[in-house]
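Participant: Structure provided below as structure tokens; questions to follow.
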Amino acid sequence: MRQVHDAQRSFKYPGPDVEPALLTQGEPNLVSTTRFTALTWLPKSLWYQFQRAANLYFLFIAVIVCLPFSPKRWQSKVFPYIAVLAWTSLKDLYEDSRRRADDRRENARQCWRYDFEANRFERIAWRHVKPGDFVCTLCDEPFPADLLLLCAEGGQGAFISTVNLDGETNLKLRTAPKTFSSFRSLSTGRCEVPPPECAEAVAELCRRQLELRLAVPSADLSDMHASITLDGGSAACAASCDNFAPRGCVLRNTPWMLSLVAYAGRDTKACLNSAQAKGKVSLMQRALNQCVYGLLTALFLACCYMATAAKVVDPGTDWLVRFLTYTITVYHVVPISLYVSFELLKLVLGRFIDMDAQMVDPISGQGATTRTADLVEEMGQIDFVFSDKTGTLTANEMRFARCALGRQSFGSFIQDPAGGPVPGLLAAKEALKSDASERREEVLWFFTCLAVCHTVQVSEDMQFSGPSPDEVALVEGARSVGVTFSKRRTGADGQEEIVLSGPDGDRVFVLRHVIEFNAERKRMSVLCEHNGAVYCLTKGADSIMSPLLTTPLGAWEEDQLRSFSQLGLRTLVVASKKVAPADFARWEAAWSEAQNSMQNHKERVAQVGADMEKELQLAGLTAVEDRLQDGVPEAIATLKAAGIRLWVLTGDKTETAVDIAYSCNLFSKDMDLAFVCNCRTGEDIQMKLQEAKQVMENGKPSGLVLDGQTLKLIFQQGLAVELYELAMLSRCCVCSRLSPAQKRQIVEEVRKNSGAITLAIGDGANDVPMISGAHLGIGIRGKEGSQAVQASDIAISQFRFLVPLLLCHGRRAYRRIASFLCYYLYKNAALAWGDLIWAHQNGFSGEVAYPEWLSTSFNALFTSWPVIIVLAFDQDVDDAVANTSPGIYLEGLQRQWFNAFIFSSWMVAAWFHGCLAWLLPSAAFGFPTDYESPDFWRASTTSFTLVIFIVTLKLVLHSLQRCSAATLGPLALSLAVYLLVLFLLGYTSIGSRMQPNLAGDPPVPGWIFSNMEPLLMMVLGTLCALLPDWAALLWVRRLRPSPLFQVRSASKSKDKEMLT
């Protein structure tokens, strides 16, 4: 079936006759995003859960605990395990039920489809739409599938909103292919049902034997093309993405639109782009897995040792049975609740990010959104930040700033805030009024190119909107001097026309073809006809445009571009040529053939387009200003002070990128810059890399500047390691002239050559590869659509919000998650030491050391949920202090809260506390070995209670707000729960059945809490166990404080001064 969807398809009318025929079988437009059915839910959910190795381990324990030799009741292990599996399965079912409800609503939406038998349009559910159907969409209705536009009310095309697909809020014009230009419609106004013209058009198309060939479905939003013929003719008309309306988009400002269903269901752009990205795994998750594997290895070795010792003590012992017995006894070293608690804590921390008022955009009112809570602790360990420039550091609010043509540089076109004349605007208007015809025509033609070469739309109130703010700025620049793009319209011959008003009155340019801009071409062209002549108007990056000119850019033009770039402006080169009729006819035939091609469509179109864009005449140079976002310089200074390396990756000129780097505090005046640019050979690269290394090693602050061409050669020459060494020597870097693929390549090379954690931040579709390639991707809600946000792990509205995101939430999340992992594994290891010592006391008989139901409840009831609450709310310093104290972020960069030494110290504490908690009561009761004697169970219960007290108070000691309600409240409640369970087991009938060892005469719980000796052991044992912890924390926090504790101390002193 997949081969059918990956094939080209064709529709022939009357019919429709659809090939492949399987495309119309069943309900091809039915959308299903669910993972399960009623029959597959439980098996598939369990299958997914058992992909995690820990669940296989717990399954192994649940199986062997049911065997006759098990020292523990199977209920105490099987039921909790089943509960965890059931909880996860029910969570999966709940999430899937929400998806199913969404699918049901989506598939039940209504649209108007033409019924060939009834010869009229009928209202049907979206799920019944099939490829080849004719659909009429009314104003403000969404499109049920990817549609090919046939005609619209008034014949002017249709305006659609694609915000649901790509996030862009500006309306886009979609027009019918030229072959349908004869299907002109009268203005009917807004209607509630399809007008009769729609049914008449369908009948006419069937009569004229419409045939449509479509390409293989593609996820690329710009890759939609088809070939259309009428009347059985051999000449085909091409259709491009400008003729298609994707599923989920909405018809706006157009009463109705007639279309044909090109792609349905899983073949639509919306569905092809809804696939989930490959999941990312955090560094702490990997560290947890390594710790678990290490503990399981230690457990395996310990069980082997004890089984062997049992064999030595009693040669008749079955070694395998005794090994499995001890595996059951000490399995809780890695508890079932570990991963569940780990995920719950991350969800809570992610929710804190969503609720943070300091990251709410004052304009849009939107706050930060955590799309992937699994990575919150990564934000506290970021070594490299890779940032886009336009729309990320800058506001993406373009203004036409300057221009130069004919060896004259006009002044600024931007009004000075202090008022006064605008020199550039005055000079341009003066030139247009000049009597010198040659000069006037040169200036007029330059601004005419700006007003014609674009894809901007204009509303009735003369408001411009377009897919790129750059284009809008250029059109507004032309309007400012009097050359105004006033409207688009369809001419008498069905061709699109652009109408300009200006010094010479209204002028009409017939739009023949558009060669679109993309990241590889870095230019766009318009072929238009004016007064019987055909012109090619092109604008693009200077590095791309210069080779296309009859005379490459000279020294004067290069100087102008450099001066514009040094002002931080974005530059473009504008050029044009007059095309001879014969040349245009030959090219148009080749263009039509390329547009109609089904194989290698993109490559053929690009090649034919490039054939036209040659021997151009320079019209002029433009410069557009894009101001910095609020707070960007301060944010970058703070991030640099936090020890984070910042790289700005942009497609702009090197000079523009460097100037922006100075203005946003990435570079400072006292820095030495190392330029590794404009390399053409391997020798050039080697030399410049060596020179850059010398600059970096001179001991002064330094920055690195690279360009795309040099980076390409670096990777081709296998010099990525040398580049990484430079990256580690420099605190900041600018990379210019980069493609989206190069941005991702840089990020991946840094990841590959180091253990550094990378963060990529951007706002546009061209930043998606970089965002996906980094450990942590941040999407900025900008003016270039929502694709960056959709691909990100966390979404924010402005770059400056990166400071609280990293310095407040990221830093705390790292400390909290690190403390959680250490504490969670510590407390279970401490409990296990009692079983290990007891094995030696009783001759390795395989009996358990602690009351079974107490050890079973150790995690679920007594110790797991308090640590989540305590650490989630354990505040170190206020947000304001954290934002102004970047030095405290270094603890994450240096991995101070989780490393081999820290984890080992916690495990040593577990050994000490576990041994002390068992040996002290055992020694007081004379080291009892009779498993049925009251003394053994009194000693055992006292020891277990001592473990509870020690691990609970250790959490208090290690918390930073020891006296807060969020710390003391949960821990006090957990102790109360423990005492309640303990007394229920000792004093109730159900307790005596579950744990008969505690229901003696008198019951063990009452005895140990009514006698001085066990009470004294609990108090003194807890104090002795935690005294080393207290001394170590005193040394670390008071006598040798880290930057965090220095800031905490200063903050507390300041608060006390304010109170006094």
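Note that Cβ sites are derived from N, Cα and C of the backbone, with glycine treated the same way.
Copying in the features that TrEMBL gives for the protein in this structure:
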type     : residues                                                                                                       : note
DOMAIN   : 29-74                                                                                                          : domain 'P-type ATPase N-terminal'
TRANSMEM : 292-313                                                                                                        : transmembrane segment
TRANSMEM : 319-342                                                                                                        : transmembrane segment
BINDING  : Asp388, Lys389, Thr390, Glu471, Phe517, Lys539, Arg570, Thr650, Gly651, Asp652, Arg737, Lys743, Asn766, Asp767 : ATP binding site
ACT_SITE : Asp388                                                                                                         : active site, 4-aspartylphosphate intermediate
BINDING  : Asp388, Thr390, Asp763, Asp767                                                                                 : Mg(2+) binding site
DOMAIN   : 789-1041                                                                                                       : domain 'P-type ATPase C-terminal'
TRANSMEM : 897-919                                                                                                        : transmembrane segment
TRANSMEM : 939-957                                                                                                        : transmembrane segment
TRANSMEM : 969-990                                                                                                        : transmembrane segment
TRANSMEM : 1015-1036                                                                                                      : transmembrane segment
Participant: Using DSSP, tally how many residues of the domain 'P-type ATPase N-terminal' (29-74) sit in helix, strand and coil.
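Facilitator: Across the domain 'P-type ATPase N-terminal' (29-74), the residues distribute as 21 helix, 0 strand, 25 coil.
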Participant: Could you give the maximum C-alpha to C-alpha distance in Å for the residues Asp388, Lys389, Thr390, Glu471, Phe517, Lys539, Arg570, Thr650, Gly651, Asp652, Arg737, Lys743, Asn766, Asp767 that bind ATP per the record?
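Facilitator: Per the listed residues, the maximum Cα distance equals 24 Å.
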Participant: Grab the same-chain neighbours of the transmembrane segment (319-342) for me: Cβ-Cβ under 8 Å, and only residues 6 or more beyond its ends, written as numbers and ranges.
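Facilitator: For the transmembrane segment (319-342), the far contacts come to 52, 54, 57-58, 61, 64-65, 67, 69-72, 77, 80-81, 84, 87-88, 288, 292, 295-296, 298-299, 302-304, 306-308, 310-311, 817, 820-821, 824-825, 828-829, 831-832, 835-836, 839, 844, 846, 848-849, 855, 858-860, 864-865, 867-868.
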Participant: Could you check the binding-site residues Asp388, Asp763, Asp767 and say which one's CB has the most other CB atoms within 10 Å?
Facilitator: Asp767
Participant: Once the chains shown are all counted, how many other Cβ atoms turn up within 10 Å of the Cβ of Thr390 (ATP binding site)?
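Facilitator: The answer is 25 other Cβ atoms.
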Participant: Can you give me the Cα-Cα distance between Asp763 (Mg(2+) binding site) and Asp388 (ATP binding site) in Å, rounded to a whole number?
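Facilitator: On Cα coordinates alone, these residues lie 8 Å apart.
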Participant: Hey, of Phe517, Arg570, Gly651, Arg737, which of those binding-site residues are within 10 Å of Asp767 (Mg(2+) binding site), Cα to Cα?
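Facilitator: Cα within 10 Å of Asp767 (Mg(2+) binding site): none.
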Participant: My understanding is the cutoff is Cβ-Cβ under 8 Å with a sequence separation of 6 or more in the same chain; which residues meet that for Arg737 (ATP binding site)?
Facilitator: Ser543, Gly651, Asp652, Lys653, Thr654, Asp707, Gly708, Gln709
Participant: Which residue among the binding-site residues Phe517, Arg570, Gly651, Asn766 has the fewest other Cβ atoms within 10 Å of its Cβ, if you could check?
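Facilitator: Among the binding-site residues Phe517, Arg570, Gly651, Asn766, the lowest count of other Cβ atoms within 10 Å belongs to Phe517.
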Participant: Calculate the per-residue pLDDT averaged over the domain 'P-type ATPase C-terminal' (789-1041) and state the result as an integer.
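Facilitator: Mean per-residue confidence for the domain 'P-type ATPase C-terminal' (789-1041): 90 out of 100.
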